[in-house]
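Pulled from TrEMBL, these are the features on record:
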type    : residues                                                                           : note
BINDING : ASN58, LYS59, ALA60, ASP61, ASN130, VAL131, GLY132, LYS133, SER134, THR135, GLY174 : GTP binding site
DOMAIN  : 14-178                                                                             : domain 'CP-type G'
Amino acid sequence: MTIQWFPGHMAKARREVTEKLKLVDVIFELVDARIPYSSSNPMLEEIIHQKRRVIILNKADTADEKVTQEWIDHFAERGLPAVAVNAQEGKGMHKIERAAEALMAEKFERQRSRGMKPRAIRAMILGIPNVGKSTLINRLVKKNIAKTGNKPGVTKAQQWIKVGKTLELLDTPGILWPKFEDQRVGYKLALTGAIKDDLLHMEDIAGFGLRFLEEHYPEKLHQWLQIETLPEETTEVLAMIAERRGIYDRYRDPDYSRAAELLVREMRQEKMGRVSFDFPSDLIVEDDENGGEASDN
């Protein structure tokens, strides 16, 4: 599977990010806590080079808490501080500033020893669309500055924003790689609403979600669907849902497409509780299969 989705404003944003990297001390990489790997841009490493970085796992209230901690430990083992937050409700905001201060502590201490007064930490927030970047900024500055919306790519312009006396943020439109060939990544992005629904068939997204949940969260899935065993075919599940909810086409046949839309929508709304779609252990397996070539980005 190869999906092309690289609007002109995204290409422009990448150029501007590259140009302005020299202005910042720290990169805040914002990812969806449910899919930290899939929502991390693989181009980021080549763009930011050796810049100090904090991984911010947003929407942590929707992810499996145990798995989120595994991701925090995973990043820590690789020298990357990571914090879990819920920007929508303003939870964990203090962790972000603390992490940035810890990264800059040594440099600022050297400046103090030379009689220099450290300036505010300058940071850039990066992340693919729809991971909550604008919501995070608005929470940090406690004002509705950055435009937010439910459609990927809604944040348009770059702007410097002052956060108290310790932090200055450069808001940057999210970047999504021009293509991704791993089908699983595409489906996970779709399941969490990070990419537009028309990029993949909704029935395929629903089918992937069902199989994934059956493998990792069978009890939650069965309780949600009120079944004892999951049918082999996705169409069987969709037909069941259509009949339960009265979703029929004009011929009074089960409307699989609308049933799939409902199923995916309820997956996004955490109807079955907190679940994660990426696991650090998956990267270890991939690393072994590729002879040690897999990375976090």
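Glycine residues also receive a Cβ, built from the backbone N, Cα and C atoms like all the rest.
In three-state terms derived from DSSP, ASN58 (GTP binding site) belongs to an extended strand segment. According to DSSP, SER134 (GTP binding site) sits within a helical segment.
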